Amino acid sequence: MLASALLVFLCCFKGHAGSSPHFLQQPEDMVVLLGEEARLPCALGAYRGLVQWTKDGLALGGERDLPGWSRYWISGNSASGQHDLHIKPVELEDEASYECQASQAGLRSRPAQLHVMVPPEAPQVLGGPSVSLVAGVPGNLTCRSRGDSRPAPELLWFRDGIRLDGSSFHQTTLKDKATGTVENTLFLTPSSHDDGATLICRARSQALPTGRDTAVTLSLQYPPMVTLSAEPQTVQEGEKVTFLCQATAQPPVTGYRWAKGGSPVLGARGPRLEVVADATFLTEPVSCEVSNAVGSANRSTALEVLYGPILQAKPKSVSVDVGKDASFSCVWRGNPLPRITWTRMGGSQVLSSGPTLRLPSVALEDAGDYVCRAEPRRTGLGGGKAQARLTVNAPPVVTALQPAPAFLRGPARLQCVVFASPAPDSVVWSWDEGFLEAGSLGRFLVEAFPAPEVEGGQGPGLISVLHISGTQESDFTTGFNCSARNRLGEGRVQIHLGRRDLLPTVRIVAGAASAATSLLMVITGVVLCCWRHGSLSKQKNLVRIPGSSEGSSSRGPEEETGSSEDRGPIVHTDHSDLVLEEKEALETKDPTNGYYRVRGVSVSLSLGEAPGGGLFLPPPSPIGLPGTPTYYDFKPHLDLVPPCRLYRARAGYLTTPHPRAFTSYMKPTSFGPPELSSGTPPFPYATLSPPSHQRLQTHV
């Protein structure tokens with residue numbers, strides 16, 4: 001106030017002093033918010049005339065209330081030269097260049113530019129208030145501020161009060177130089193954790209430093225987030241395991257797929273999988289793939305499976321020369337890893353521990369089978385073993401087989417067994433007269449056969465046989481050499497042929513002849529008894545075989561005439577009338593009951609049997625060679641004994657069913673019953689003293 005009064009006083013003083021009109025205060029550029037009041041000052045000194053304001057060169061008028069401009073007026077004391085222009089409320093059209101003019105004095109103030117500021121409105125987020133994005137996929141959010149704000153607003157992004165970087169600003173200007181559309185795009189790659197997050201777009205300018213905010217909520221679509229677990233995680237082979245596949249997803253899960261070692265598990269559906277654990281689960285993980293409309297996710301896990309030894313690499317048999325080094329290797333797997341030991345087949349001494357066995361400078365006795373044994377470090381997991389053979393290459397090993405003694409001018413056989421690795425190139429028999437490798441030479445013949453496999457890894461073997469036909473005296477004094485050769489050397493053995501005398505054989509032949517003679521006499525006696533008995537009886541004859549059930553029921557107590565110890569083969573005879581004119585054919589033996597039928601006569605004989613029921617035969621000769629026929633094999637045809645010849649007056653002898661039944665029998669010159677002296681019993685042999693051997697009892 002003091003300054004204003006001083007200014008007025010100076011103007012009056014100058015006026016009184018005759019000074020010219022001048023501006024005491026001129027308007028200046030100013031900025032005003034839309035809707036508020038604008039005041040442009042103007043003060044003149046030493047002037048008492050008309051004062052007016054122009055807007056962009058257009059006179060507003062000289063009246064204080066400025067008719068026609070309802071929001072405009074001039075204020076201040078005109079006597080003191082104060083002419084301030086007021087605009088209220090300011091609108092966008094008020095933005096112009098204003099001058100204060102003293103028309104009568106020809107004074108014009110400098111132009112004053114009035115700027116109208118328009119505060120920005122709340123920005124718009126495209127797609128808001130909830131924007132859907134895909135987790136893991138790059139996306140963007142666009143914030144837009146339209147037009148009428150002056151100056152152009154600044155668009156910023158915030159999350160939880162923290163400004164976000166990575167935005168791009170873009171502004172479009174209208175033709176009238178007014179601010180057009182302003183956009184700010186935020187680029188981001190959201191994650192599933194951003195689901196439901198709130199982001200703010202803020203528009204601020206000089207007209208509104210605090211700015212205006214618009215919030216947007218993120219709604220994320222994301223593929224399943226999977227967690228895979230196994231219960232129990234550590235399991236022994238053969239036990240059950242349950243896998244659980246849990247997933248969160250937006251949109252919801254549409255399917256599950258299980259795989260083991262990359263191969264689908266057929267029939268597996270849903271979030272659970274039950275299996276029986278085996279060793280493969282340790283190296284072939286189980287995976288669970290979960291899908292929805294956005295995508296899929298996969299998780300896998302491997303079990304800690306405890307299992308016993310499993311052979312991965314079997315030891316291989318080796319063949320080395322004597323004196324060289326040999327080695328075997330075998331690979332076992334297991335969980336936990338098994339202990340591996342090496343032993344020799346049939347032995348318990350541990351030769352080595354670990355997957356490899358080394359044998360330096362092998363000898364012939366090192367040949368054989370070696371065992372690689374795997375033992376689990378945990379009980380209840382089982383074990384395993386594998387074996388391989390070591391073959392030691394060496395000169396052939398030749399062994400003689402003890403030859404059987406031979407007769408002079410008889411056959412002989414010499415044998416040798418050859419084991420060799422590598423196989424022998426040749427096996428040769430040599431003696432004084434020459435040598436022979438294969439085939440025949442005079443009285444000599446060589447054959448070869450594979451030898452049975454033996455333990456020790458001596459390589460394949462063969463048996464070489466030298467046959468001699470018609471031995472000579474020199475053969476029993478000569479040494480026969482069997483030799484074999486391969487690339488490593490030669491092996492040989494000498495064999496001498498033993499001689500056999502004929503004296504034991506003669507004794508055996510004599511004994512056999514004596515036995516045959518005795519047996520023939522017994523058969524002849526039986527035949528004579530049957531003939532004499534047949535002439536006095538008219539009933540059928542039945543000869544009972546001991547142990548047979550036939551005819552046992554037809555024997556009465558009166559027929560037993562001796563003790564069971566002394567009784568020999570029992571002959572029971574039943575007679576029937578036969579005539580020579582009958583034409584019935586002779587029947588052969590019935591195999592179902594053991595009888596012979598000759599024109600109604602049934603005969604069953606068992607003669608020559610031992611007391612125990614067996615047929616006595618002389619033992620075979622003990623001097624026979626293996627595979628050669630037994631000399632003097634006495635086996636007469638005693639299984640069929642001819643039936644007794646039946647006699648009747650005016651009838652001839654009947655034919656027998658066996659052609660050899662009575663080869664030594666002489667046909668009598670006359671027919672009829674034998675003449676008996678008076679007092680002679682019907683059976684002459686009944687008066688004889690009991691024989692020392694089993695007797696033949698006859699029952700009528």
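Even glycines carry a Cβ here, placed using N, Cα and C.
Features as listed in Swiss-Prot:
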COMPBIAS  564-576  compositional bias 'Basic and acidic residues'
COMPBIAS  689-700  compositional bias 'Polar residues'
DISULFID  Cys42-Cys100  disulfide bond
DISULFID  Cys143-Cys201  disulfide bond
DISULFID  Cys245-Cys288  disulfide bond
DISULFID  Cys330-Cys372  disulfide bond
DISULFID  Cys416-Cys482  disulfide bond
DOMAIN    395-497  domain 'Ig-like C2-type 5'
MOD_RES   Ser563  phosphoserine
MOD_RES   Tyr595  phosphotyrosine
MOD_RES   Tyr596  phosphotyrosine
MOD_RES   Tyr653  phosphotyrosine
SIGNAL    1-19  signal peptide
TOPO_DOM  20-507  topological domain 'Extracellular'
TOPO_DOM  529-700  topological domain 'Cytoplasmic'
TRANSMEM  508-528  transmembrane segment
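The two recorded residues Cys330 (disulfide bond) and Cys288 (disulfide bond) have their Cα atoms spaced 36 Å from each other. Secondary structure at Cys42 (disulfide bond), as computed by DSSP, is coil. Sequence-distant contacts of Cys288 (disulfide bond), defined by Cβ-Cβ distance under 8 angstroms and a gap of at least six in the same chain, are Val226, Leu228, Phe243, Cys245, Tyr256, Arg257, Trp258, Pro271, Leu273, Asn298, Arg299, Ser300. Sorting the domain 'Ig-like C2-type 5' (395-497) by DSSP state (H, G, I as helix; E, B as strand; all else coil) yields 4 helix, 61 strand, 38 coil. In sequence order, Val398, Thr399, Ala400, Leu401, Val427, Ile463, Ser464, Cys482, Val493, Ile495 are the residues near Cys416 (disulfide bond), counting only same-chain partners six or more apart with C-beta under 8 A.
Per-residue confidence over the topological domain 'Cytoplasmic' (529-700) averages out at a pLDDT of 40.
The Cβ of Cys372 (disulfide bond) has Pro315, Phe328, Cys330, Trp332, Ile340, Thr341, Trp342, Pro355, Leu357, Lys385, Ala386, Gln387, Ala388 as same-chain neighbours under 8 Å, each 6 or more residues away in sequence.
Cα spacing between Cys100 (disulfide bond) and Cys201 (disulfide bond): 44 Å, rounded to the nearest whole number. If you measure from the Cα atom of Cys201 (disulfide bond) to that of Cys42 (disulfide bond), you get 44 Å. Under the DSSP three-state reduction, Cys330 (disulfide bond) is assigned to coil, being neither helix nor strand.
Between the C-alpha atoms of Cys143 (disulfide bond) and Cys42 (disulfide bond), the distance comes to 44 Å. Cys100 (disulfide bond) falls within a strand segment according to DSSP. In this view, Cys100 (disulfide bond) is surrounded by 27 other Cβ atoms within 10 Å of its Cβ, with every protein chain counted.
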